[in-house]
Ligand SMILES: Cc1cc2nc3c(=O)[nH]c(=O)nc-3n(C[C@H](O)[C@H](O)[C@H](O)COP(=O)(O)OP(=O)(O)OC[C@H]3O[C@@H](n4cnc5c(N)ncnc54)[C@H](O)[C@@H]3O)c2cc1C
Ligand SMILES: NC(=O)c1ccc[n+]([C@@H]2O[C@H](COP(=O)([O-])OP(=O)(O)OC[C@H]3O[C@@H](n4cnc5c(N)ncnc54)[C@H](O)[C@@H]3O)[C@@H](O)[C@H]2O)c1
């Protein structure tokens, strides 16, 4: 039974991972819930993002490993004639998408969430209209006490770049792995660019990065980016240009006519080169997918397309006031464009709806780039932490450890890597952690959970990990951190 006078307690617009997380939790909390999807279930992550990209990375990673004769020889192994089937790898990704899309849909049906189809937009803050063809809203109307916008994002393509989805494409078409261009230029060296460079080079393509910022991997902690460059870029068939914008990209014809890319210097704004390559992937970020929601009816003005929200993900009107009953989560609010951030925000909104105060700490949300080896982090870079420390008047210190000191990594002969912790030596508060190395994506959670639970290094310094495990990399960080308040010896297990 929904709240008085409404069809539902909660309607969610968009069935991506954010919408899914909110729907499952709402049903568990006893809220009568519906989710409206204008396209296929699962959104970006399942259909055009995390899921197919990780399937490609898994297969390409195996190819890279098995072709790495040097590494295998050190383990006493010889493998001859490694080959792969491009279509087979593409099929693996597509099969996984189908499986996870089915699981996601059934999991919502299983807890009684109503699935409505068609594009949705607002009539008012408690009413949506849905069911028309994309871009139109002509179907039925439904009311709810609460409405969550979870409409996600689409690839951002800078002006001047012509997409033909064959020789010039974004991740949407790239994930289909229709062909393996001998030489591919990737515009943007963020998450998507890096992960695709890992896939392409493992499968034999050469890569050139075009990056607008003065350095590649500009979002990473500088020290980690330098090491990542030494391992992920320099030894591979990858080169790069930095401080250059791709200002004009013209598609080609595979095997006949090259793609041309006009490069403009970011400082002088002058065209400095025209590159010719076989293909070009555009990985220059993503734009919120909020058009068509009829946000005017709520007096909401988007900011570069993002829906303005407060710390609880409640939507704000043009005067900055909370619009009662309307929430926005995931890529559409732009707080942190990651799948698990979207779903955590969704759960948090539901908690607030049922009267349990909740605010997501985005500095405790981990992130990872699934290259081989992986990069992971939580919180701030050292550069950001220094800036904050200066502004807020505290000190920061860093502590580092190498995977070369870890027995498990050495046993695997994969000891190229480092971990770094950024903390306040007085309070033991952790502001950020960065890990580059084998299974970094899994290792970061211990630290992100600790930050979320507001644990300090005084709580963690002498915790124990099994030996030999990669987790001892994190143990090394905790033990190596210098605490000005002395050693927390009372935390040691009592002697027997
Ligand atoms: C190549 C790639 C790899 C990625 N890899 C990772 C990764 O490894 N880890 C990670 O954490 N993140 C990853 N991401 C990011 C992740 O996919 C997104 O952060 C996440 O999908 C955002 O979830 P969301 O629920 O906000 O939106 P989405 O997943 O985009 O879902 C939004 C849904 O809303 C629907 N919709 C939009 N408008 C309407 C409307 N008006 N009416 C009805 N329905 C509507 C859309 O059709 C869509 O299904 C990746 C992204 C890409 C592109
Ligand atoms: N493993 C993961 O969690 C994962 C994987 C893929 C994508 N994602 C998400 O998807 C989103 C999009 O990823 P992305 O890699 O496209 O974006 P990004 O923001 O990570 O990187 C974009 C890069 O492109 C550069 N750039 C922008 N315009 C340019 C231009 N005209 N010429 C040259 N360089 C230009 C930027 O300086 C930046 O380095 C990210 O926000 C990320 O959160 C996450």
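Even glycines carry a Cβ here, placed using N, Cα and C.
Record check: TrEMBL places 188, 189, 190, 191, 192, 193, 194, 195, 285 at the NAD(+) site, and the matching candidate among 211, 270, 301 is 211. Non-local contacts of residue 467 (active site, proton acceptor) by the CB criterion (under 8 A, 6+ apart in sequence, same chain) comprise 407. Of all residue pairs in the NAD(+)-binding list (188, 189, 190, 191, 192, 193, 194, 195, 211, 285), the one with the greatest Cα separation is 15 Å apart. Note on the domain 'Pyridine nucleotide-disulphide oxidoreductase dimerisation' (365-477): DSSP counts are 42 helix, 29 strand, 42 coil. Neighbours of the NAD(+) site: apart from 188, 189, 190, 191, 192, 193, 194, 195, 211, 285, residues of the same chain with C-beta atoms within 8 angstroms of the site's C-beta centroid are 186, 196, 217, 283. The DSSP secondary structure for residue 194 (NAD(+) binding site) is helix.
Checking Cα-Cα distances from residue 50 (disulfide bond) against the binding-site residues (188, 194, 338) with a 10 Å cut-off leaves 338, in sequence order. Taking only the Cα positions, the spacing between residue 188 (NAD(+) binding site) and residue 338 (FAD binding site) is 18 angstrom. Residue 338 (FAD binding site) falls outside any helix or strand according to DSSP and counts as coil.
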